[in-house]
Amino acid sequence: MLIIDGKKVSIDLKSELKVRVDEHRAATGKVPGLTVIIVGEDPASQVYVRNKAKSCKETGMHSSVIEMDASTSEEALLSRIRELNDDPDVHGILVQQPLPKQIDEFAVTLAIDPAKDVDGFHPENLGRLVMGHLDKCFVSCTPYGILELLGRYNIETKGKHCVVVGRSNIVGKPMANLMLQKLDATNCTVTICHSATKDIPSYTRQADILIAAIGKAGFITADMVKPGAVVIDVGINRIDDPSTKSGSRLAGDVDYEGVSAIASAMTPVPGGVGPMTIAMLLKNTLQSFERANNLQ
């Protein structure tokens, strides 16, 4: 079985991005800038933000973090976003989830300039994706990362049956729409399964490409997978494991041991889709910079 190594691809991609950033710095004296806003002190969010800042530094991009108190009002957050929208040195704006209850997440998404929405969550970017205008939008980072993996590993997709398990706005919906597009690493027949789908295994067993993004550890088992299928595991779940020092470990939505015995290719957890998400965030930020400076 082929292991689709997202960690390796993300390192390669960041090296390629650094070359482009260095070229732009030499030619213009400018570099892409990413600003992350974090509201509150969620420990997991703090880790994600640190990882993003580290990756920016590795590629030569400028990054900044705006920390706001958990009691911050929605209007105060929207005001900061408007300031960043008007800042020519900021090319990507990311508001780290989750947000406190007093803040409407959709209002925050709408407030971000679509040209700086490097998370790809703004309705304008999602609409352009659905319409097939990928050269004029930002694609949500996790689906975009999966597309990059399929392309770099030369996975045949044209005319294949892709089954996406999960319908979240972050992964499932944009992933399904992306796989419908007429691109080298897409152009599939697409089925979406979700919590209300009856007899999910009857669909997953038809998949040439199975993408699991349901948020349940080990949900996809070997008897649900077509022999020879390509399996992309988006899930990141922490489960108890007394054998580890911490007492827990990360597990995907797919039973790796069982499914790896029959799949032709598969992403591991960790080290599969996860590292690609941040890499594609940087790629989107660079693309925003290039569009803003007419460098494409």
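Note that the numbers count up from 1, one per residue, in the order the chain is shown.
Positions of Cβ are set from backbone N, Cα and C atoms, glycine also.
Matching Ser195, Ser202, Ser260, Ser264 to the NADP(+) binding residues that Swiss-Prot gives (Gly166, Arg167, Ser168, Ile236) identifies Ser195.
Other Cβ atoms within 10 Å of the Cβ of Arg167 (NADP(+) binding site), summed over all protein chains shown, number 18.
Taking every protein chain shown into account, Ser168, Ser195 are the binding-site residues, and of these the Cβ with the most other Cβ atoms within 10 Å belongs to Ser168.
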